[in-house]
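Engineer: The active site, nucleophile feature in TrEMBL is assigned to Asp22. TrEMBL lists Asp22, Asp24, Asp195 with the feature Mg(2+) binding site. Summarising the annotation, TrEMBL assigns active site, proton donor to Asp24. Annotation comment: TrEMBL describes Asp33, Asp113 as substrate binding site.
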Amino acid sequence: MTALSNDALAASRGRHFLVVFDFDETIINESSDDAVVRALPGQQLPDWLKNCFREGHYNEHMQKVLAYMADQGVSKDSIRSAVEKISPTPGLLNLFQYLQSHQQDFELVVISDANTFFIETWLERAGVRHLFRKIFTNPASFDATGRLVLLPFHSHSCSRCPDNMCKQAILREYLAARQKECGGAPFQRVFYVGDGANDICPSLALRPQDTAFPRRDFPMHRLCWSCSNPRQASLRQMSFLGFMVT
């Protein structure tokens, strides 16, 4: 008989939980895209660049922002420093301490519309990168000229999501892959922690036994309250580190 892997054993014993985190305004307490703008000499974008933003094309807009920052002489070290200075969302580092002490029970991933450089930089600085098995986000790397080049994560057909990323598609693919790797055993429960409008779509992939934590008074929370979909509207008045349980 073939021995079961540790993952399969954990899943088969009913002790295997997945925690999915958004990054901006969920793990960190502001948007990383806004934070890096402070590395500019004037600490803000010109009006012409702000006004070129198109709804649903934020990744495309950030490509222009990063190109502008490079043109203004903002260095890799300056961008890294700006990211490292971002404060964590209150309570999240305590949560990470708890999850670290129960690593045999919890698997952690990030699904974010930020980018690899921002997320990897911040998690490394906070000393929690090792907790995350996988980070799903937009690729970003510095080219030979020192410009941080941002790319879209993938293409998809979801009408609810921005053109560069559907978090539900990512979550479904990950759950299917992990179930296969674990010998057909699914996670006992999935916990989704987010704040934004683009966190609604992945929450619709959750099963009845799973739990979503929309950050209190942020877009995901407000949309859950206003939506007529019973799955999204079934909020209980229960707080957890500034997040609501749904």
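Including glycine, each Cβ sits where the backbone N, Cα and C put it.
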Engineer: Quick check: which same-chain residues outside Asp22, Asp24, Asp195 lie with their CB within 8 A of the centre of the Mg(2+) site CB atoms?
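Structural biologist: Other same-chain residues with Cβ inside the cutoff are Phe23, Glu25, Thr26, Ile27, Ser112, Gly194, Gly196, Asp199, Arg215, Phe218.
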Engineer: Same-chain residues six or more away whose CB lies under 8 A from the CB of Asp24 (Mg(2+) binding site)?
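Structural biologist: Expected: Glu30, Ser31, Ser32, Asp33, Ser112, Asp113, Ala114, Asp195, Gly196.
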Engineer: Given the binding-site residues Asp33, Asp195, which one's Cβ is surrounded by the fewest other Cβ atoms within 10 Å?
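Structural biologist: Comparing Cβ neighbour counts within 10 Å for the binding-site residues Asp33, Asp195 gives Asp33.
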Engineer: Across all chains shown, how many C-beta atoms besides its own are within 10 angstroms of the C-beta of Asp22 (active site, nucleophile)?
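Structural biologist: Around Asp22 (active site, nucleophile), other Cβ atoms within 10 Å: 25.
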Engineer: For a quick check of packing: other C-beta atoms within 10 Å of the C-beta of Asp113 (substrate binding site), how many?
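Structural biologist: A count of 24.
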